[in-house]
Amino acid sequence: TNSYTSYYTLHGNNIQKTNIFDRVTLKKEIGLMSACAIIIGNIIGSGIFISPKGVLEHAGSVGLSLIVWMLGGGICTLGSMCYAELGVTIPKSGGDYSYVTEIFGGLVGFLLLWSAVLIMYPTTLAVIALTFSNYVLQPAFQNCLPPYIATRLLATICILFLTWVNCSSVRWATRIQDVFTVGKLLALALIIVVGLVQICRGHYDALRPSVAFEFSGDPSVGQIALAFLQASFAYSGWNFLNYVTEEVVEPRKNLPRAIYISIPLVTLVYTMTNIAYFSSMTPEELLASNAVAVTFGEKLLGIFSWVMPISVALSTFGGINGYLFTSSRLCFSGAREGHLPYLLAMIHLKNCTPIPALLVCCIATIIILCIGETHNLINYVSFINYLSYGVTIAGLLYLRKKRPHLHRPIKVNMLIPISYLIFWAVLLCFSLYSEPVVCGLGMVIMLTGVPVYFIGVHWKNKPKWIYRVVERVTYMGQKLCFVVFPQEDPSETEPLTASKVND
């Protein structure tokens, strides 16, 4: 990697290697507030407006569905505490990928990276962008669905605009995240306040204990597990701050603080939002609705019912920005480790943003948008998402045993990762039992990365013409994007390196 670094950074117009490495590095512009906004903004997307139906359907009763929402937040808290320890122990951007690569080696890390870059994040971005465009266009097409081409075109424009913002400035991207996170919370606060007013007026029949635990059918462990999976979709994104650790101001302080503030807040908001839904909608009405928040607004807000679709659109807009911001850092981290082309590990000379990685995420998302069947792809890779959580937290236990003297500013109780892994294993087993084809296809997608790893990464003695082509493409990419390799922050990596020597 170092030879490539020297070669490419010396090719810029009148750029000297010494000056570049003195000036160019990822900017630390993510303070505590922005860190909380990244976590909250990535968790609160379209999930809370869609998942209540799935949770209630599988839980079978209002009371059990509310318990699932609260416990789902508790499980995310356990996982985020484990990620807080990993984030300050291995202070690298890239999240799960960086930790797994550091602990288990290149192949396991590459498989997570391969599945995420190839399908998981582009597909998730495409689905969120389509949700945004559907809600924006819905007022113009009240009696029918918005046209296929119109939704794709608006989704593409949204992706391109936010990619430009993220390429231009880290500060702009984080400010957009801050503003739209506040907007999301205000929209949910409106739902909660209206719901509480309804409860104060005596409209809480569905929430009475005698009614809330009336099951529509016999509850089973499998159905409860599926209810947790539905809730987990709404909570996904709780680990995204770990993808941008190197851009967080004082990460050893602000990373855990942001996690401890954000996850309980989201859990409280989600639970109160569902209580508000049930204050105005019967379980049957909620199950019949494809857009719970919109149905809620139509019943209670009257002429102001348009506020709900606009709120959902704003929520998804902020979600797209958050996913672009974090997923591009995953590409950046993978390239820096040598698992992706080195061009993706470069940042703009003046703006200090990973432009090549952002462009790859943007192009991959637009391709998925053109394919169309994004929801099926999400089903195939959701299994991989849960698998990566478990592998990463299992890595924490392995690291405790393998390198006990490693400096750990945060050290969680062993019962926390063990409890999370037990719950994770139960969910995974029931996922395999309930959806064997979907989970099997998810594994196939991941395992296609094995030959790619051995040919592209492990095979060192490639023909010289391959290296010449890579060098030429990288040089052209540098000139086009005006990017160079960043300088690593030695203050963040020295403790980890020193611990390796001591161990």
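Cβ atoms are placed via backbone N, Cα and C, with glycine included.
As annotated by TrEMBL, transmembrane segment applies to 30-50 (among others).
Using a Cβ-Cβ cut-off under 8 Å and counting only residues 6 or more beyond its ends in the same chain, the transmembrane segment (62-86) has close neighbours at 52, 55-56, 95, 99, 206-207, 209, 211-213, 215, 219, 224, 227-228, 231-232, 234-235, 238-239, 242, 255-256, 259-260, 263-264, 266-268, 270-271, 274-275, 278, 283, 389, 392-393, 395-396, 399, 408, 410-412, 416-417, 419-420, 423. Taken from TrEMBL, the feature transmembrane segment covers 62-86 (among others).
The transmembrane segment feature in TrEMBL is assigned to 107-133 (among others).
The transmembrane segment annotation in TrEMBL covers 153-173 (among others).
Cβ atoms under 8 Å from those of the transmembrane segment (185-204) belong to residues 40, 44, 48, 269, 272-273, 275-280, 293, 296, 300-301, 307-308, 311-312, 314-315 of the same chain, restricted to positions at least 6 beyond its ends. Per TrEMBL, the feature transmembrane segment maps to 185-204 (among others).
The transmembrane segment feature in TrEMBL is assigned to 224-245 (among others).
If you look up TrEMBL, you'll see 257-280 (among others) marked as transmembrane segment.
If you look up TrEMBL, you'll see 300-326 (among others) marked as transmembrane segment.
Annotated transmembrane segment per TrEMBL: 355-374 (among others), in sequence order.
Tertiary proximity for the transmembrane segment (380-400) is limited to same-chain residues at least six positions away from its ends with a CB under 8 Å from its CB atoms, namely 79, 82-83, 85-86, 89, 96, 99-100, 103-104, 108, 112, 115-116, 119-120, 123, 229, 232-233, 236, 239, 406, 414, 417-418, 420-421, 424-425, 427-428, 431, 435, 438-439, 441-443, 445-446. Feature annotation from TrEMBL assigns transmembrane segment to 380-400 (among others).
Summarising the annotation, TrEMBL assigns transmembrane segment to 412-434 (among others).
What TrEMBL records for 440-459 (among others) is transmembrane segment. Long-range Cβ contacts of the transmembrane segment (440-459) within its own chain (Cβ-Cβ under 8 Å, at least 6 residues beyond either end) map to 106-107, 110-115, 118-119, 338-339, 380-384, 387.
Ranked by Cβ pairs under 8 Å to the transmembrane segment (300-326), the stretches 30-50, 224-245, 355-374, 412-434 are led by 30-50. Across the candidate stretches 153-173, 224-245, 412-434, the maximum count of CB pairs under 8 A to the transmembrane segment (107-133) is reached by 153-173. The transmembrane segment (224-245) makes no contact with the transmembrane segment (355-374): fewer than 3 of their CB pairs lie within 8 A, with pairs spaced 6 or more apart in sequence. Only residues 6 or more beyond the boundaries of the transmembrane segment (257-280), in the same chain, are considered here, and those with a CB under 8 A from a CB of the stretch are 32, 35-36, 38-40, 43-44, 48, 52, 62, 65-66, 69-70, 72-74, 76-77, 80-81, 83-84, 185, 188-189, 191-192, 194-196, 198-199, 203-204, 206-207, 234-235, 238, 241, 286, 292, 296, 299-300.
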